[in-house]
């Protein structure tokens, strides 16, 4: 088992409904520590850079609009196998396929408005964390 850090976003659909505390509780119950967190309102341009890997996908513009439509909570989670653990706690991208008790099964409104984002690999976690946080903000 390896101590890892991963990146998470609580998306606009969840912040609009005041679900930040409930979602954070799910992370903590799973053994993940929140070592950095801030509430921000991304611009469409910031969302575009962050999701640049999807620029050629048909949902890209809609995703950038959504992610800049209201505040989000960006955070760094730390724990044993944090990337896999976070993905397990989040559940499948499509809430209809998400296991009971996962964040998306409980809180997501649709595939597009699925409440949370999480890194999928150590390399992407490092890039995503660095996009929003400086080293001094990571308090573990």
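Positions of Cβ are set from backbone N, Cα and C atoms, glycine also.
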Matching residue for the ATP site, where Swiss-Prot names 11, 59, 87, 93, 104 - out of 24, 114: 114
Secondary-structure category, per DSSP, in which residue 117 (active site, pros-phosphohistidine intermediate) falls: strand
